[in-house]
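Undergrad: Here it is, the structure in full.
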Amino acid sequence: GSTTAYEAATAFLGEWGPFQRRVFFLLSLSVVPIGLTAFSIVFLADTPDHRCAYKVENLLNYSERGCLDGWEFDHSVYTSTIVSEWNLVCDESWKRPLTSSIFFGGVFTGSLISGQLSDRWFGRKIVMFATIALQAVSKFIQVFSPSWIVFCALYFIVGMGQVSNYIVAFVLGMEVLGPRTRTLFSTAAVSLFFGVGYMLLPLIAFFITDWRMLLLALMLPSCLCMPLWWFIPESPRWLLSQGRTEEAEAILRNAAEMNNIEPPTVIFSSLQVRTSFIREIKTFSFLQNTITIAYFALSLNTANLNGNPYFNCFLSALMEMPAYVLSWVMFRWCSRRLSVFSSLSSGGLFLLIIHLVPAPALSITFEMLGKFAVSTAFAVAYAYTAELYPTVLRNTAIGACSTASRIGSIIAPYFIYLRTYSVSLPYILMGSLTAVAGLLSLLLPESFGMPLPDTISHMQQFPG
C-alpha cells in the first residue's frame, strides 16, 4: 500500500492495543465538556414570559413614558437567566443574538490562533490543556459577572478556549491513532462524546434554573479533564515534524511497552520532512461555512420550537447520535465527495420542505431530519479536512477551515432572528445555501483509502 514513511515506521505498534485505547477514550472524553457548554446559551439567555411592572399612578401617562418601573418576569421555568437579570427584552432584545455572536467571535479567534500555536510553537498537548484551563477559569469568573458586558467579554474567551480544545484534541487523535481507528475516532467517537455532553445540558439545566449556578455546574467537567495531562501523550508525528526525533521515539517506546510489544532498535532512520506553502481552498471554506450556519442555527433554534424547551434541546442533541454513527459508516466505506454531497443536499431538501408543512408536529420532524443530515455533513467534513492536509499544517488547516466556518456561526443567531419577519425565511435561506454547498462539494479531491499525508508533497491533488 502507499503508506507514508511514518505509518510504515510505527506499524509495529498495531492498531488497537492498550495504548491506542487509552488515547482514543481519553481524548474523546475531553470533548464532553465542550458539548455541555456549546449551546448553554439556549438556557442561560432564554427569555421568560414577562410583562411591564408599573405602579398605578404611572398608568395614566404610561403610553408616553414606556416601561419605567422595569419588567416582571415569570419565574416558573427559570429562577433567573441573563435576560431577566439584565432586562434584555424589547428595546434591549438585540443583545440576545449578539451574546451568541460574541461567543462565536471567540470561537472564530480561537480557530485562528490555536492552529498556529499548535503547529508551529507549542505542539498539540500543551495547547490542548492550556485551553481546557482557560475555559475553566473564564467560566468560573463568568459566574460573578456584574454586567452583561463583562459576561460577554468572558463568554468570548470561553468560545476561544472551547474551539481550540476541540480542534487540537481532534488533530492529536488523528495523528496518534492508526488508519482504521483514526477513521472511527474522527467521525463517530469525538462527535458522539460531544453529543453526550450536549444531551446532558438540558438535563442539568432542568434542575439548575439559576444561570449563575448553571454556569458553575458547567465549569466542573473542564476541571475534571485537567488530570488527563498525565495520560495523554504529545503527537509523535508533530515532534518528528519539528525534528525532535528522540522525544517522538520515547513516546513510541513507551506505547510499545504498554502494548507488550518489543520496539525496533531504530524506529525512525531518517524521515525527510519538507514543507512549502499550500494555496487556500475556497470551496472548503464555503462548505464549512454553510454547514456551520445550518448546524448552529438549528441547534440554537430549539427554544423557538413548539413544546418544551428542555425536551426540544434534548431531541436536537439526540438526533446527532445516529448522524455520527452514519458519518463513520460513510467514512469507512464510501467516497468522501459522495458522503458530503448526499448529506448536504438531503439536509437542504428537508429544510426547504419545512415551510411547506402546515402541522407543527410534522415541521419539527423535518427540522430534526434536517439537523440529522447537517450533523452528518459536519462530522464528515471535519474528518475529510484532516485527511487532505499534511501533519506540518494539519492543525492550521483545520483551524483555517474552522475559522471560515465561524463566520457562519457568528451569522447563525441572526438567521434565527429573521423569524421575527417571517417564520419560514430562515429555512428557505438555510435550505438553499445547504443544497448549493452540496453541489459544490463534488469539486473537492478524493482522499478515500489514501494514507494521512505528512508533508506537502504527499497531499492529494485538487482537480482543476
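Positions of Cβ are set from backbone N, Cα and C atoms, glycine also.
From a predicted model like this one, the values you see are computed outputs, not experimental measurements.
As listed in TrEMBL for this protein:
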- 23-449: domain 'Major facilitator superfamily (MFS) profile' (DOMAIN)
- 23-45: transmembrane segment (TRANSMEM)
- 148-172: transmembrane segment (TRANSMEM)
- 184-208: transmembrane segment (TRANSMEM)
- 214-232: transmembrane segment (TRANSMEM)
- 309-331: transmembrane segment (TRANSMEM)
- 338-358: transmembrane segment (TRANSMEM)
- 397-418: transmembrane segment (TRANSMEM)
- 424-444: transmembrane segment (TRANSMEM)
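Looking at the shown structure, what environment does each listed feature sit in?
TA: With a cut-off of 8 Å between Cβ atoms, the residues of this chain six or more beyond the transmembrane segment (23-45) that come close are 78, 81-83, 88, 96, 99-100, 103, 128, 132, 135, 139, 158, 162, 165-166, 169, 172-173, 176-177, 181, 185, 189-190, 192-202, 204-205, 211, 214-215, 218, 221-222, 224-225, 228, 231-233, 299-300, 302-303, 309, 313, 317.
Long-range contacts of the transmembrane segment (184-208) within the same chain: residues 24, 27-29, 31-40, 42-43, 166, 169-170, 173-174, 177, 214, 217-218, 221, 309-311, 313-314, 317-318, 320-321, 323-325, 327-328, 330-332, 375, 378-380, 382-383, 386, each at least 6 residues beyond the stretch ends and with a Cβ under 8 Å from a Cβ of the stretch.
For the transmembrane segment (397-418), the residues of the chain that approach it from at least six positions outside its boundaries are 96-98, 100-101, 104-105, 107-108, 111-116, 163, 167, 170-171, 278, 280-281, 284-286, 288-293, 296-297, 300-301, 304, 382, 385-386, 388-389, 425-426, 429-430, judged by C-beta separation under 8 angstroms.
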Undergrad: At a C-beta cut-off of under 8 Å, are there same-chain residues at least 6 beyond the transmembrane segment (338-358) that contact it? List them, or none.
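TA: Answer is 287, 290-291, 294, 327, 330-331, 366-367, 369-370, 372-374, 376-377, 380-381, 384, 423-424, 427-428, 430-439, 441-442, 444.
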